[in-house]
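Sharing a structure here in structure tokens format.
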Amino acid sequence: MNSYLFRIGSKTSGFLRSTQFVRSYSKHVKSESYKKALEDVETQVAESPCILYMKGIPERPECGFSNTAVRILQAEGAVFTSYNVLKNNDMREAVKEFGDWPTIPQLYVKGQFIGGADILMGLYKSGELSKLLNEAGVVKKDE
């Protein structure tokens with residue numbers, strides 16, 4: 001998957017590359033429920049203009065990184081759907097595989113993987129996130 005991170009030319013650390021190797025080396029036989037979860041992620045990403053896979057719900061995030069991602073999106077006025085990956089372990093693992101990204105939260109806008117909390121924070125601080133969300137048409141308009 002061609003993520004926003006890689007489109008803007010960011011490089012991954014050696015640690016991330018080694019983590020990806022271990023994950024690909026240790027992949028287990030996929031259960032039917034896992035395959036279904038992977039299909040569900042693909043469908044959700046395709047059908048949702050802006051979706052955040054997170055731990056918890058926006059009103060009650062269950063980890064600091066998910067909280068950060070939610071607060072950033074709210075500060076930008078983004079209209080987004082969320083999915084609590086803690087409800088389903090197959091879904092949590094499917095999200096990680098789909099985005100080829102080892103951590104949660106994960107944000108997708110118009111089918112494109114944007115990143116996790118740290119990347120969102122960097123994009124937010126630089127103003128790039130505002131531009132990206134506005135261009136995607138996922139920001140609430142003042143009436």
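Backbone N, Cα and C define each Cβ position, glycine as well.
Under the heading glutathione binding site, Swiss-Prot lists Lys55, Arg92, Glu93, Ala94, Val95, Lys96, Ile104, Ala117, Asp118. For Cys63, the entry in Swiss-Prot reads [2Fe-2S] cluster binding site, with the evidence type similarity to another entry. Swiss-Prot lists 38-140 with the feature domain 'Glutaredoxin', giving sequence analysis as the kind of evidence. Here Swiss-Prot flags 1-25 as transit peptide, drawing on sequence analysis.
Show me how these features fit into the structure around them.
Secondary structure at Val95 (glutathione binding site), taken from DSSP and collapsed to helix, strand or coil, is helix. For Val95 (glutathione binding site), the same-chain residues 6+ apart in sequence whose C-beta sits under 8 angstroms from its C-beta are Val41, Tyr53, Tyr83, Val85, Ile104, Gln106.
DSSP assigns Cys63 ([2Fe-2S] cluster binding site) to coil, not to a helix or a strand.
Mean pLDDT of the predicted structure over the domain 'Glutaredoxin' (38-140): 97.
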If you draw a 10 Å sphere on the Cβ of Glu93 (glutathione binding site), how many other Cβ atoms land inside?
19
